[in-house]
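For reference, TrEMBL has these:
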- 315-438: domain 'FAD-binding FR-type' (DOMAIN)
- 9-30: transmembrane segment (TRANSMEM)
- 50-70: transmembrane segment (TRANSMEM)
- 106-129: transmembrane segment (TRANSMEM)
- 149-170: transmembrane segment (TRANSMEM)
- 191-214: transmembrane segment (TRANSMEM)
- 241-265: transmembrane segment (TRANSMEM)
- 277-299: transmembrane segment (TRANSMEM)
- 442-461: transmembrane segment (TRANSMEM)
- 583-600: transmembrane segment (TRANSMEM)
- 620-640: transmembrane segment (TRANSMEM)
Amino acid sequence: MAVYTLSQVLYLSPFIQDYFVSVASLWWGVAVSRLPTGVLSFVGGHWEMLRPSFFIVFAVPPILVSLILIELARDHVSRRVASRSVMHIGALVRRKPRVFGSLSPFGYGELLFLFALLGGNVVLFWYGWIYTRQYVPLPGEPYTFDTVLQITGIVFGYSCVFNMAFLFLPSTRNCAWMEFLDISYTNGVKYHRWLGVATLVTGVAHAMPFYWLWARLGTIWEMSLPCFDCALDYSSKGYGIWFNVFGEISLFFLLLVGVTSIPWVRRKMFETFYYTHHLYILGVVFAVMHWVTCIWWFLPTLVVYLISRAISTWNALHPVQVVEFTALADDIVKIVLTRSTTTGGGGEFQIGQFVYLNVPAISKLQWHAFTISSSPRSSATTFTVLLKSLGDWTRDLVVLAEKKTNGVTLVNGSKPIEQQQQQTTMLVDGFYGSSLQCYDEFSTLCLVGGGIGVTPLFAILEDILATLSGSDKNVDSQTCHKQQRVHFVFSFRELSLLEEIHPVLSKLKELDSAQQHFTTHFFLTRAPSDAALNTRIDYDRLCNSANHNQSSSVAKSTAALDSALYFAPQPFAEPLRSRRARIIVYVVTLCWSTLLVLWLEFGGGKLMQSGTQWWPLENFVEISVVFVIPVLVSFVALVVDTKVSKWGNMVSTSSNTKRQSLFGGHSDIQNYQSVDMVDTLSTSSMLPINASDVVTFGDLLSEYNVTIGKRPDMARILTQMHSEFKASGPHLSSNSALEAQKHQIGVFISGPEALKSATEEVVSKLGAHDFDIHEEEFEL
């Protein structure tokens, strides 16, 4: 990746332009000479291949090689077997320095990225100016202010495509480089926004000098508006005019994407932001029609991005079986979905990851991201999503969940599963984001959550309980958790969230009755009404006692859905999960895209053999290849992968059936056409030991000593925690599991910005070297 980055920066440097071009000219039979002005001259051969050759050597191979290496190391990265030094570096780059007595809004890693981005643009601008100055002005013409405008516009054009070369990587779901660097997709989106701003700023800076120049020359309308009766060949005036128009169209679409991406639009008009964002396709297409060489700048990263989009589109074709679709109080919805249990079948997810949900009954086009609130260890066949009504789509989802309850209700208004399931179709795209499994690497753990943002922390709590309860047979892992000190700080307004996590908290409290290892700090920021306090806890729903005989109803509802869908609902499985499949897709896609574009450009353009007036068609076909090949190859790979998986399942099922008949055993292959909604591993299905004492929400507040009407005092909580941490000293144990733990306070924050800021400010004052902060970002 470093080679790819440097190649983009140094493309216009004198060394590359002189040395590499001289070497590449030998490959293509080009005679190189230097004019008296010092400019290189190319005669004969295939001189049109010189520029592509640079990117074929320094852009495509580095991207492909790094992808292969990361895929080969993916399993090791996911299991967190990185060295201690790498972990310390990760903690360092997440820290935020103090600048003039105030905490910086950016961490060291973010500042390093901004410095590299700005520095890359400055170096490229400098080299671009030197390079362009060789050709502008033409020999015999004076060097005037008009020349400065012309050179400035050209050089900023190089800067624009430089920024576009990296624009697609942070927005690529399951981006290999971001996973390798342990940067979650949600946190990485900020880098996409920064690159987008840089692209727009340099794009405007590319256009404005030319408008200024044309205004000075009195040709602004002639040069900026299209002509429909002019010739298009290179020697005609129409070529320059349409060259400009295509650039203007590209900039218009990119500006439209940028304007609708500002935070206010994203929050208030998400659909507008989402739909207009797809106009990037037209922006890229017209950018290539404006200057075809730019296709080589972003071809590798655009191809990787399009592969991820093809996989997401495939997921949109396959509905997922819904186990539970429940409307809770406070406009909160609980959704439980099935996942594949086949080894390597794509059903595995990690703590902290998220999925995109689509409910066709609300909108067939809208996809919204939600963090998984359950642990893979607590349920082997399902995963859970908790969400709150915060916009139009989620409000409609709450209404849809409530409509499923008409006619019959249980205690506290909970909804019978058989009614919720009928005709509820859901599509899932995932699993995305980095893992939070590193929580078990800290001797002291602090979980800080606010409101519905607490959901990834619920998953961590479930995982801790599953490990301590024996679901995880790893002895070292159990030992680490038994010695770990955990503080759970939770600020909320929704009592239903406390009700939802009550079974897990109750079991943790049972395992640590003396509260030596698990401490809660709960704050209900809004005083509840008497009616809310007297509301009974819905243990029937929490313990799934009504679900023991529901397999038949799920099978019936599944059959009813089959007639309306091309594919029957099935457990979710992330496609192309195996590293072999991903490597094959990357190799085939990048190689074929590169070779086809290279073939189209060979000989001055395959479509321009009869005349250069066909250059718009030539450019359009080249960028079309880049868009079509990744989608085509990915879909072929997905079809093959699905067929192979089904064949493997059939062989496995047949083998287990024979084993059952011969030895009288039971097949461990689950028939998902009739999902048993009772999961013996589910911690949420366990009845709390204090169920007879904790009956109402008021009892729940008393049970966990919830502070009412106040927000958490993070200064007091963290100061006390830090004092205990310093007093405890490092673990002095020969146990390998304990030695692997970092003697730091691992802080995992997920919630409102105010809560994050307060926590970071206190950590900075207490000593950032004693903390390792992991923030969860939800503004996609």
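Every residue gets a Cβ built from N, Cα and C, even glycine.
Using a cut-off of 8 Å between Cβ atoms, the transmembrane segment (149-170) and the transmembrane segment (277-299) share at least three residue pairs, counting only pairs 6 or more apart in sequence.
Summarising model confidence by region, the domain 'FAD-binding FR-type' (315-438) averages a pLDDT of 83. DSSP states for the domain 'FAD-binding FR-type' (315-438), grouped as helix (H, G, I), strand (E, B) and coil, give 23 helix, 40 strand, 61 coil. Counting Cβ pairs closer than 8 Å and at least 6 residues apart in sequence, the transmembrane segment (620-640) and the transmembrane segment (277-299) reach three or more and so form a contact.
Under 8 Å from some Cβ of the transmembrane segment (106-129) lie the Cβ atoms of residues 5, 8-14, 92-97, 151, 154-156, 158-159, 162-163, 190-191, 194-195, 198, 202, all in the same chain and six or more residues away from its ends. Counting Cβ pairs closer than 8 Å and at least 6 residues apart in sequence, the transmembrane segment (277-299) and the transmembrane segment (50-70) reach three or more and so form a contact.
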